[in-house]
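**Student:** The transmembrane segment annotation in TrEMBL covers A:22-39, A:45-64, A:76-93, A:99-119, A:131-155, A:180-198, A:229-248, A:268-291, A:303-327, A:347-366, A:387-408.
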Amino acid sequence: MSTPATTPLTAGTRRLIPLNHALPWIIAAVCLFILPYVFDSRSALTIMNQMAITIVFALSYNMLLGQGGMLSFGHAVYMGLGGFFCMHLLNWVEAGLWLPLPLLPVFGGLFGLFFAFLIGSFSTRRAGTVFAMISLGVGELVAACSVIIVIFFGGEEGISGDRTMGPEVLGWDFGPQEQVYYLTALWLLIAALGMFLYSRTPIGRVANAVRDNEERAEFLGYSQRHVRWMSFMASGFFAGIAGALFAINFEILTEENLNLTTSGSILLVTFLGGVGFFVGPIIGAIVFTLLQTVLSLYTEIWALYLGILFVATVMFFPGGLAGLLAMHVLPWKLGKIGHLVVPYAKMLIPALAFVLSAAAVLEILFHKRHAGLGDHEMNLYGITFDSHGAMPLITVLAIAAVSLFAIVKLAPGLKAAWDDATHMGGHHG
Amino acid sequence: MSLFIVNILDGLVTGLLLFMLCSGLTLIFSMMGVLNFAHASFYMLGAYFAYQISLFSGFWLGLIVAPIAVGVIGALIERYGLRRVHKYGHVPELIFTFGLALLIEEAVQFFWGKSQQAYEAPEALDFAAFQIAGNTFPAYKLFMIFVAMGLFLVLLYILTKTRVGMTIQAALSYPETVQNLGHNVPMVFMGVFGVGTAMAGLAGVIAGPVLGTFPGMAFLLGSIVFVTIVIGGLGSLWGALIASLLIGWIQTFAATYNVRMEDILTSLGFTKPEPIWDSAWQDLWTLTLPQIGPILPYLLMVIVLVVRPQGLFGKRET
Amino acid sequence: MSVPAIELRGLEKSFGLAKIIQGVDLKIDKGERHAIIGPNGAGKSTLFNLITGKYAPTAGSVHLHGQDVSGKKPFEINRMGLSRSFQITNIFHNMTVFENVRCGLLWSMGYKYSFWHMVNGQRHLTEKADEILEQINLTSRRNVVAGALAYAEQRALEIGITIAGGADIIMLDEPCAGMSHSETDLIVDLIRKVTEGKTLVVVEHDMGVIFDLADRISVLVYGEIIESDTPENVRASKAVQEAYLGTTLEDAG
């Protein structure tokens, strides 16, 4: 048998950052602490909270996809159910139940775990395609139930509550956004550390083994089904924590928190960041949240760009962003990372020109088709022009063609520089 | 009784439509091991292409051209996209087709916008085919049944009477023999993917006027399609057929017969709590069959999986 | 003798209409080194997969230490003290050599599904894994990704993973397949060393290896055992020579 081609799904064996030392974690904690002083606007806090929640969710998702080789199209279920349960808890707190807010995520996690236990009992029998399809079906089932079981899901308007009704902790009532940020950041650290440590336990390692070779693992005494089921429950637990953090931040949960769109976008986030690395989903969540926020400010067709980016990632960089970074570890170790600076800089100009002009083509076409009747005036990159005229379209098409030509011309040089930088010794022959 | 017959026919239309997608999906899955998540997106493309064509030349040209166009696009995507990802394994392939589904939905919105398009059945078929005790059955639905049936006869013929078909059949029963298809496996893959997506496209062309032509149509039907083939057993054509019809009828009947939980519970001797909106059991008491109709396929899937993990007709342990 | 380590009673296996194993009875004693040989397509691998739980028998039964294990899952059989290797190298390609061996140890050292131990912090585990690496001569390759090993090294690792759990019945499926003469000698020495005092069942094509290693040999032809005896007697057996169609056993490999 030939060695199977390296798949992007090989987390746990490669690393980008030595997370088994305390230092990266301390740096992360310090960064989380000072971030609100750097970005102190209300919207920045909201975005950072959003990011933190997405990171926890994406990390929990990667426990399945990256660590366990299980592709889920219904992971939002566990985050959503955890969140809904926490929303009810908050309402009970309002009615007199004693529960400090910082402990809420524990219960969200346990609720997620409970449902992962139930659903995992039949969904983890197989990996691969069957698991993926079952996760999709269960996801749709739960999402559809949200309009039927109104008492728990609140129907179409969802369930809302008030996070400030619990006992104060250290003088905080968690009304201000900033206090919520620190609570979220604390739980982000706890959850990330928990998931990292989990990957270093016997069950975490065996999850990798089952992912890579389930038959072999069975002949070493491990039931592949039980191993997957345990990974699934652990993942459900941390997804539930993410759900609780969502409940605390937004104080409302709706059907949207359960549906396929949410499940799909976490797959997008995780894959974009890189499933092969523990830090991949973290990078993915940060980049995705930023991209989404920025792009949606400037263009209506941001989702199209994200779709293109995702498909391109799957096709050309299946290791994701973390994989791209990891490719540069070798040149770095060889002390040749400097050799890449000039070729990269050369490539950057036509690449940027190509991306911007291609986007311009799409924008102009979109404007032509969908702008109001008689609205021909369009503003792009600070230039105002008539979107229905031929000139602008021809211009951007020409720029795109020229920059593409330049990219093709420069590619061999870049390839040579890369080969040189990844090999020991002198210049590549 | 007459309502029953109308429902049987309506369910048949839905079931056959489902099977037009499921059969292509099953063929592709059995041959290539890839579950094409974007399969329903090709169905959507079929509807939109036919709509675009119908603006210029009416319905009938679209019926021929749109599926072919969809099939060509499918084949190209297999050749230049899927084949690239193939070396990474089946899970990345599935992720790729998922990305494709997102992309196609966005592309459709890019060209046609978010709202429903006025894609309509041809006037030539805009009459009642027959009446059953006051319930009319539209000719267009009869036409849908004929198209679906015709497609299966063609498919059946190809699978049982031609050389390519026999190899495909062999590959269906014994997946490992796919490697022995002859010198041109990639070509066969591309062909199967193209034909499978074209069938989905045809389903879109004929379903668009009835179920609506809008950007959400792919995901709406897609989930049901995947549930159907899981129920039938992944890789089994017969399973896909039975499950498609089953789900077609379940959905149709559930939507028509207003069985109310309240009546069931009362007849069992329970008393309805008043006022109902204060009761913890309010959701149970107000439940009706049409309300839970949409989730019945998913419930059926869960039950089938618990009782028979490989699906109704599944043999292969994938 | 006490209860045999492995006992097969009227074992049968059919795939569809094809009856691959047709009524095999066999007893393998504790501590015995038993070889199964036979022409291609005789059903050796199927027999192997029946004993190790990959397939469930169509009829008959498999007993380990007197206990009926027919139809049990591979992991259950493994937990009863039987471990196997594979004809086609079946290691964890993405893990390092050390991690491969450690995976073979986890269950038997009682870690099971633990999520409260840190694997790197377990001194015993690390020491034991390093000990096995030493035994299979892969200490110098400890931190190499297994997929990057040379073929012979992968075969050695395969055996290392198999014996790591300390099972008292070791089953090796063609451990020398595809190896050169010198590599074969090394691996035979290794097998002898690591299976000291254990029950060994080995399927092998290389007759030199078989006669060198085995206490007893069973000859499987068309799903039936036609002879089960000491190497000398098997060599002399008329029936066996006929089964190999006139060729001598030395050529048959």
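In case you wondered, yes, glycine gets a Cβ from its N, Cα and C as well.
TrEMBL annotations: computationally assigned, not manually curated.
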**Student:** Do any residues of this chain, six or more beyond the ends of the transmembrane segment (A:303-327), have a C-beta under 8 angstroms from a C-beta of it, and if so which?
**Tutor:** 7-8, 14, 16, 268, 271-277, 279-280, 283-284, 287-288, 291-292, 295, 359, 362
**Student:** Give residue numbers and ranges for long-range contacts of the transmembrane segment (A:76-93): same chain, 6 or more residues beyond its ends, CB-CB under 8 A.
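**Tutor:** Contacts with the transmembrane segment (A:76-93): 57, 60, 99, 104-105, 107-109, 111-112, 115-116, 119, 138-139, 142-143, 152-153, 159-163, 165-166, 235-236, 239-244, 246-248, 251-253, 257-260, 262-263, 266.
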**Student:** By Cβ distance under 8 Å, which residues at least 6 away from the ends of the transmembrane segment (A:229-248) in the same chain are close to it?
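**Tutor:** For the transmembrane segment (A:229-248), the list is 49, 52-54, 56-57, 59-61, 63-64, 67-68, 70, 75, 78-87, 90, 101, 104-113, 115-117, 119-121, 123-124, 161, 163, 174, 180, 183-184, 187-188, 191, 194-195, 198, 203, 207, 257.
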**Student:** May I ask which of the stretches A:99-119, A:180-198, A:268-291 has the most CB pairs under 8 A with the transmembrane segment (A:45-64)?
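**Tutor:** Of the candidates A:99-119, A:180-198, A:268-291, A:268-291 scores highest.
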**Student:** Other than its close neighbours in sequence, what residues sit by the transmembrane segment (A:180-198), given a CB gap under 8 Å and a spacing of at least six beyond its ends?
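**Tutor:** For the transmembrane segment (A:180-198), the far contacts come to 19, 25, 28-29, 32-33, 35-36, 45, 48-49, 52-53, 55-56, 59-60, 63, 101-102, 105, 163, 174, 204, 234, 238, 241-242, 245, 248-249, 278, 282.
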**Student:** Cβ under 8 Å, sequence separation of at least 6 from the ends of the transmembrane segment (A:268-291): give me the contacting residues as numbers and ranges.
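**Tutor:** Sequence-remote neighbours of the transmembrane segment (A:268-291) are 8-12, 14-17, 19, 47, 50-51, 54-55, 57-59, 61-62, 65-66, 192, 195-196, 199, 302, 306, 309-310, 313-314, 319-326.
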